[in-house]
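**Q** Here you go, one structure.
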Amino acid sequence: MAGFLKCLWRFRNFIVIILTPLLLLALPLVSPTPEAKCGFAIILMALYWCTECIPLAVTALLPVVLFPMMGIMEGTEVCIQYLKDSNMLFFGGLVVAIAVEHWNLHQRIALQVLLVVGVKPSLLMMGFMSTTAFLSMWISNTAATAMMLPISSAVLQQLSDTEANAEEREYRLTAAMAGQDNQTFELDDTKQTNNKELKPEDSSISMDKDQDGNFKGMKELTENGVTSNVCDMSPDSEQRRLKREQKYAKLLKGMSLSVCYSATIGGTATLTGCTPNVIMKGQLDELFPENGGIINFATWFGFAFPTVVLMLALSWLWIQFMFLGFNLKKSCGCGTNKDGDREAYRVIKDQYKKLGGMTFAEVCVLVIFTLVVLMWFTREPGFIPGWATVLFNKDKPYVTDGTVAILMSSLFFCIPSNLPRCFGKSKDGSPPEAPTPMLNWGVVNERMPWNIILLLGGGFALAHGSEKSGLSKWLGECLLPLQSVPPFAICILLCLLVAMFTECSSNTATTTLFLPIVASMATAIKIHPMYVMLPCTLAASLAFMLPVATPPNAIAFSYADLKVMDMAKTGFMLNLIGIIAINIAINTWGVAMFQLNTFPSWANVTKSH
């Protein structure tokens, strides 16, 4: 029996691939309506996404096969959904992120911030969290985590070594003073007998270590070279050593968790920071094409950035309580020895010096990166006409955030990586070679997550198919009884549901599956669609409890020798903190920014063909 079960487990993916569509086939056969056929496709893709029996990107391509064969949409209409403006925005943003990583600009920014915040435990954790969150707004969460964890480990190791050296010096000084007291007693006795004076320089104290490098005791070296044990390593000293090791092991766990969690939180602050954000914009534009571009880079940042700051502050307090205690005076370093701080600060400074001065390519990347962000913010800020409105978008939205992303990311392939010397000569006297561009397609092709672009397209195809088949309308009618439930309660329940689901499934798949459903529900019960779509999108990123939930979690889990229970205990509370912060945001400045307390006219009419 055990062998049979083991065989089933090994072939589980093939079993799921074959059995799932066969079991679900009863739905379109019993009810051969467009709604049932589209429901069959969505449920099949949801189960494939949850079990990952085939790659996520391959599952995202199933609408190209299922929708035409079931008579829901034409093949050409389905394929168009896979490359929309949101995909171009995502692609251009990733090219900018690849350039930042390729020229190591992110590491320079991180080390500079850490030099500013200092190395006190609490402040150091705050510095790592804020730096990682800022970087993950622009580069991938995984890259930000992978870069910051070694830096945090090196700084903590230096703090531990410095504290150990300080204890060693204190112990040596204590033993030396005890030895000098004995010498003084003997000197007085010697003066009375032979009037011979013994100088303190005639004897010295040395540390006695075992094979593992642990200190066993003190030895006194006399002028004749004879060694005698002054004292053995006391139990108190051994206890201090074990206590110090446990403290820094616990601190490393807390620091590693703070880095991976802040990477996930920071990614929600910008429209291109993580995939669910782009999916939400694409789904909103697909389901409600008359929304007037209510979500763009500036409006998203205006809503999400304060939410991220609130989540980071509350998360910092919780992780501080879990791994450092709540003695802020002690953990902030008030009244402590400064030697450890100077040593740890020197480690960060040495790593920064190894980077050298900023190269021409780094300066260019920084300038282009700054221009991209400024152009995104000022394209259509909302409170005043943006540059795109004045110059291009007078009657139609010709220029979008995707236009800006592609324009600026293309410059990386055009600008040389160093200043060309047109009139100089190489060492052998021949004309100099032309410099290489800052990026080439090989680097971009290697680092670009092409599967995410297909996932985005699959989500847009599902949303369009559910709209065309009438499934969205049917779901909305089924959810009409929710009209009697207060909107804020609906929002909290949906956030809890999405946060639980995303622990076991990718945030991309979770967002893709839930957003069309909650949008249909919102139109049916006459509440603003963004009142439920925005919180669900942010909640899809609240995957803090399991190592397999996100790549940053997996990296931190393996790096800091964490246990599943360490991550589960910390992450459970962080999930609740995230849901509370999201609901505070959506019911305060979210309502003010997007007029969420009214049902918009553009939500009455959905896209029809």
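In case you wondered, yes, glycine gets a Cβ from its N, Cα and C as well.
Per TrEMBL, the features are:
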TRANSMEM  42-67  transmembrane segment
TRANSMEM  88-105  transmembrane segment
REGION    189-211  region 'Disordered'
TRANSMEM  251-273  transmembrane segment
TRANSMEM  293-319  transmembrane segment
TRANSMEM  355-378  transmembrane segment
TRANSMEM  398-419  transmembrane segment
TRANSMEM  448-465  transmembrane segment
TRANSMEM  485-501  transmembrane segment
TRANSMEM  513-532  transmembrane segment
TRANSMEM  538-560  transmembrane segment
TRANSMEM  572-592  transmembrane segment
**Q** Is it true that the transmembrane segment (293-319) and the transmembrane segment (88-105) have 3 or more Cβ pairs under 8 Å, skipping pairs fewer than 6 apart in sequence?
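**A** They are not in contact.
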**Q** Select the range from 42-67, 88-105, 251-273, 398-419, 513-532 that forms the most Cβ-Cβ pairs under 8 Å with the transmembrane segment (448-465).
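**A** Top-ranked stretch among 42-67, 88-105, 251-273, 398-419, 513-532: 42-67.
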**Q** Between the transmembrane segment (88-105) and the stretches 42-67, 355-378, 485-501, 538-560, 572-592, work out which stretch tops the count of Cβ pairs under 8 Å.
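**A** Stretch with the highest Cβ contact count: 355-378.
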**Q** So which of 398-419, 513-532, 538-560 has the most C-beta pairs under 8 Å when paired with the transmembrane segment (42-67)?
**A** 513-532
**Q** Using a cut-off of under 8 Å between C-beta atoms, tell me which stretch among 251-273, 355-378, 398-419, 485-501 contacts the transmembrane segment (538-560) the most.
**A** 251-273
**Q** Could you give the residue numbers and ranges of same-chain residues that sit at least 6 residues beyond the transmembrane segment (251-273) on either side and whose C-beta is under 8 angstroms from one of its C-beta atoms?
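**A** Distant Cβ neighbours of the transmembrane segment (251-273) are 89-90, 93-94, 121, 124-125, 128-130, 132-138, 141-142, 144-145, 148-149, 152-153, 156, 281, 295-297, 300-301, 304-305, 307-308, 311-312, 315-316, 319-320, 322-324, 376, 401, 405, 538, 541-544, 550, 552-553, 555-556, 559-562, 566-567, 570-571, 574, 578.
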**Q** Using a Cβ-Cβ cut-off of under 8 Å, list the residues of the same chain that are 6+ residues beyond the ends of the transmembrane segment (398-419) and lie near it.
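**A** Counting only partners 6 or more residues beyond its ends, the transmembrane segment (398-419) has Cβ contacts under 8 Å with 85-89, 91-93, 95-96, 99, 271-272, 293, 296-297, 359-361, 364-365, 368, 371-372, 375-376, 379, 388, 391-392, 434-441.
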